[in-house]
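Asker: Structure provided below as C-alpha cells; questions to follow.
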Amino acid sequence: MTDTTLEWGLKRLGLKQEYKREFNVQASFGLSFVIMSPIVGLSSGFTYGWEVGGPGPASWGWAVASIMTLCTGLSLAEILSGMPVSGGPFFWTALLGGRHSALLSWITGWCNLFGLTALAAASALATLWNVAAAVQILSGVTLSAWQQLLILQGVIVIGGAVNSSSPTRLTRCMFYGAFLNVVGVIFLVLLLPTVGPWRQSPKFVFGTFLDKSLSPFVVPSNAYLWIQGVGIALFTLAGFDSCSHLSEEMKGANSSAPRAMIWSIIASSSIGGVLLLAVLFCIQSPDNLMYSSATSGYALGQMLFDVFNARFGTGIGAVSALSVCILAGIMTTIACITSTSRMMLTISRNTFEPGPIHLGRWSNTIGWISIAWIILTMCLLAFPSSLPVTLDEVQFPLIFGLGGSLAAWFLPKWGARHFYIDPKQQAALATSPLLDHGRSG
C-alpha cells in the first residue's frame with residue numbers, strides 16, 4: 001500500500017496527515033526495541049525480582065512473559081496493520097470499543113500516557129542507579145539526594161533535547177540505541193563468564209527461589225513470591241506498542257509498523273533471556289545480593305562487583321559493565337520520551353478492515369489470550385509486596401491513574417464526557433465540508 005493510499009485512509013477515519021513520513025522500519029523497530037532494553041530492564045527490576053523470588057521465578061517468569069507478550073503483540077500488530085495511526089491504542093479503542101468507545105478511549109489514552117511517562121522515569125532512574133554504583137565503586141562515595149536528583153534531571157533533559165532535534169537525527173539515534181543494546185548484551189554475556197571464576201548450577205538457576213523467611217517482604221506463602229518474580233520480565237517487555245505511535249511517520253506503515261512491533265518483542269525477549277541467564281549463572285555470592293554493601297543495595301551492581309572482585313581482588317572493573325548500562329539507560333529514556341510525545345494528541349469487528357498483517361482464523365483466539373494475560377498482569381502488578389498491607393504498600397499510582405481518569409470523565413459539569421471528541425466522533429464530523437478536523441483529546 002502506498003503512502004498516498006495510507007493518507008487517504010486517515011481521511012476516511014476523519015483525520016489528516018500531520019507528520020512527514022521520515023521513519024523507516026529499522027527506526028520503528030529501534031524505538032520499540034530500545035524501550036524494551038533488556039539491559040535497562042535488568043537494571044531496574046533485578047533487585048526486586050531477586051528479593052521476592054530469586055533465580056527460579058526470574059528465569060521461568062521470563063519465559064512465560066515472553067510467550068504471552070508475543071501473543072499480545074500479534075493481536076495489536078493485526079490492529080495496527082489496519083489502523084496505522086499515531087496515538088495507537090487510544091485511537092483503536094475509540095473505533096473498536098462499541099457504545100462505550102468514548103469512555104474506553106479516554107481511559108486507554110490516559111493509562112497509556114501515564115505508562116509511557118512512568119517508563120521514561122524508570123529508565124532515567126535505572127541510569128541513576130548505575131551512575132551511583134559506578135561512583136561508589138570508584139571512590140567509595142555515596143551520592144547525596146541532591147546529586148542524585150541532578151543526575152536524574154540531567155538524563156531527562158538529554159532525552160528531551162534529542163527529541164527536539166530533527167526526525168533524521170532521531171532516526172539515527174534509534175538505530176544507534178538498538179545497536180548499542182545488542183552489542184552491550186553481547187559484551188556482558190561474554191564478559192561475565194570470562195571474568196567470573198564461579199558458575200551456579202542449572203538447579204540453582206531454574207529450580208531455586210528464596211524462602212519467604214529470607215525475603216524482606218513478609219508474605220504467607222512461597223507461591224506468592226513465585227508469582228511476584230515475573231516482575232522483571234513484565235517491566236522489560238513493556239512498551240512494545242510504541243511502534244504504533246510512530247506509524248504516521250513511517251513509510252509503508254500498515255506493513256512495516258506491525259512487523260517492527262513483532263520483531264522487537266522477539267528480539268528483546270530472546271537476547272534479554274540470554275542476558276538474564278548469564279547474570280544468574282555467574283552470580284558469585286547469592287547472599288551478597290540480599291545485603292549488598294558495595295553498591296548500597298543495588299543488586300545488579302553488586303553482582304558485577306562480585307564478579308570482578310572474585311577474579312582480581314578488586315571490583316573496580318565492574319565500572320566497564322556499568323558504563324554500558326548507563327549508555328543503554330540514556331538511550332531508553334530518549335526512546336520513551338519519543339513515544340510519550342506521540343501520545344500527547346489529543347467500529348466494531350464487523351467494520352474493521354484488516355491490513356496485510358492479519359492472524360486469520362487465529363485472530364479471536366490470540367486476542368482473548370492477550371486480554372486474559374493483560375488482566376492477569378494488571379492484577380499481579382497491583383498485588384502488595386508484603387502482607388499485611390501497610391500504607392507504604394498501597395498501589396497509589398494505579399489508584400490515581402485509573403480513579404483519576406474516571407473521576408475526570410464523570411464530573412457533573414466539568415467532566416470530559418461533556419467536551420471530549422473521540423476519533424469515532426471525528427470521523428463522523430469529517431463528513432462536513434466546512435470543518436477541518438485534526439485530533440482532539
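Positions of Cβ are set from backbone N, Cα and C atoms, glycine also.
Automated prediction, rather than curation, is the source of TrEMBL annotations.
Reproduced below are the annotations present in TrEMBL:
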- 29-48: transmembrane segment (TRANSMEM)
- 60-81: transmembrane segment (TRANSMEM)
- 102-125: transmembrane segment (TRANSMEM)
- 145-162: transmembrane segment (TRANSMEM)
- 174-195: transmembrane segment (TRANSMEM)
- 223-240: transmembrane segment (TRANSMEM)
- 260-281: transmembrane segment (TRANSMEM)
- 312-338: transmembrane segment (TRANSMEM)
- 359-383: transmembrane segment (TRANSMEM)
- 395-411: transmembrane segment (TRANSMEM)
Asker: Any chance the transmembrane segment (102-125) and the transmembrane segment (145-162) are in contact, meaning at least three CB pairs closer than 8 A with a sequence separation of 6+?
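Answerer: Answer yes: the transmembrane segment (102-125) meets the transmembrane segment (145-162) with 3 or more Cβ pairs below 8 Å.
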Asker: Which residues of the same chain, at least 6 past either end of the transmembrane segment (29-48), have a Cβ under 8 Å from a Cβ in it?
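Answerer: Distant Cβ neighbours of the transmembrane segment (29-48) are 58, 119, 122-123, 125-127, 129-130, 174-175, 177-178, 181, 184-185, 188, 231-233, 235-243, 246, 260-261, 263-265, 267-268, 271-272, 275-276, 279, 297-300, 303, 324-325, 328-329, 331-332, 334-336, 338-339, 385.
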Asker: Decide whether the stretches the transmembrane segment (260-281) and the transmembrane segment (174-195) have at least 3 CB pairs under 8 angstroms, with pairs required to be 6 or more apart in sequence.
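Answerer: Yes, these stretches are in contact.
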Asker: Ranking 145-162, 174-195, 359-383 by Cβ pairs under 8 Å to the transmembrane segment (223-240), which is first?
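Answerer: Answer is 359-383, with the largest number of Cβ pairs below 8 Å.
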Asker: Are there residues at least six beyond either end of the transmembrane segment (174-195) with Cβ under 8 Å to its Cβ atoms? List them, or say none.
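Answerer: Residues 26-31, 33-34, 37-39, 271-272, 274-275, 278-279, 281-282, 307-308, 311, 317, 320-321, 324-325, 327-328, 331-332, 334-335, 338.
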Asker: Ranking 60-81, 145-162, 312-338 by the number of C-beta pairs under 8 Å to the transmembrane segment (359-383), which range is first?
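Answerer: Answer is 60-81, with the largest number of Cβ pairs below 8 Å.
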Asker: Below 8 angstroms Cβ to Cβ, which residues of this chain, lying six or more residues outside the transmembrane segment (312-338), approach it?
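Answerer: Result: 30-31, 34-35, 37, 39-40, 43, 116, 119-120, 123-124, 126-127, 130-131, 133-134, 137-138, 155-156, 158-160, 162-163, 170, 173-174, 176-177, 180-181, 184, 187-188, 191, 195, 239, 242, 245-246, 294, 300-301, 304-306.
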